[in-house]
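Data first, discussion second: the structure below is written as structure tokens.
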Amino acid sequence: MHKRLFITLLGFIILLAGCDYSKEENQTGIFYNVFVKSMDGFLHFLGRVFQDNYGFAIISIVLIVRFILLPFMLIQVKNMHMMREKTKVVQPELDAIRDKMKHATSQEERNAANQLLMKKYQSYGINPLKNMLGCLPVLIQMPILMGLYMSLKYPSSHGITEYPHFLWFDLTQPDLIMTIIAAIMYFVQPLVNSIHYPKDQRKTYYFMMVFSPIFITYASLHSAAALGLYWSISAAFLIVQMHFAHSHYKKVALHEAKKLKQKLEQNKDNSELLTEES
């Protein structure tokens, strides 16, 4: 996962470095028309809604993006806890099947064991494939973030350039304090999230705790403070979202795992009873 994040952010840096929309003749192409121009227009619309307060306009964009990504995040967190807790209950059975796969002497035996494993996953309500949603929120957010970055770096007139002030800083210029806040938030976010994972699965989050603040600091110091504001609010909102999602779905998963354990014990008792009667 940390390799995926690194490649994504590296691609983000390369793409941003290669785009120059300072000249009107360069303001063409699919990316500019679909993302940059659309984001610029949407930012101006929200700016007018908030009476030329573009700080609130950017915060609104954060909330919209986070609510769009919320279902994917909830599915991922729910599946992670369900898979972890249910797997603990049926681990001996799954290990026995994996042992058959390991010691299979033919491809047919391996395929049969693999099919049996998938059937067990399905019967217990465990779906490992849902973990593939992990990178989807990043992929959805990337074009939005790049469009916002470009619309702030090359803004059209009569918008944020005329009303750039928000709180203590200028939204169109780099701001050291906003950069520090954004870096801190992106250190805290993976730190808080890592608490909900076993120690042997926290390496990714330790990597993010180091790499993310470095990337955010570099990008914020070379960008409009509006981008730092976007990152700060987005990270803060994600911290709250993840905390409540993990707390809720951990309880749900523990309850479902308890029901599964009781069901397996009952089936075992019934099987032993039938054996004795026979």
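Any Cβ shown, glycine's included, is placed from N, Cα and C.
Feature annotations, courtesy of Swiss-Prot:
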type	residues	note
SIGNAL	1-18	signal peptide
LIPID	Cys19	N-palmitoyl cysteine
LIPID	Cys19	S-diacylglycerol cysteine
TRANSMEM	55-75	transmembrane segment
TRANSMEM	132-152	transmembrane segment
TRANSMEM	176-196	transmembrane segment
TRANSMEM	224-244	transmembrane segment
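Among residues of the same chain six or more beyond the transmembrane segment (224-244), those with a C-beta under 8 A of the stretch's C-beta atoms are 54-55, 58-59, 61-63, 65-66, 70, 73, 77, 145, 148-149, 152-153, 160, 166, 169-175, 178-179, 181-182, 185-186, 188-189, 192-193, 196, 216. The list of residues near the transmembrane segment (176-196) in space but at least 6 beyond its ends in sequence, with Cβ under 8 angstroms from a Cβ of it, reads 168-169, 202, 205-206, 208-209, 212-213, 216-217, 220-221, 225, 228-229, 231-232, 235-236, 238-239, 242-243, 246, 250.
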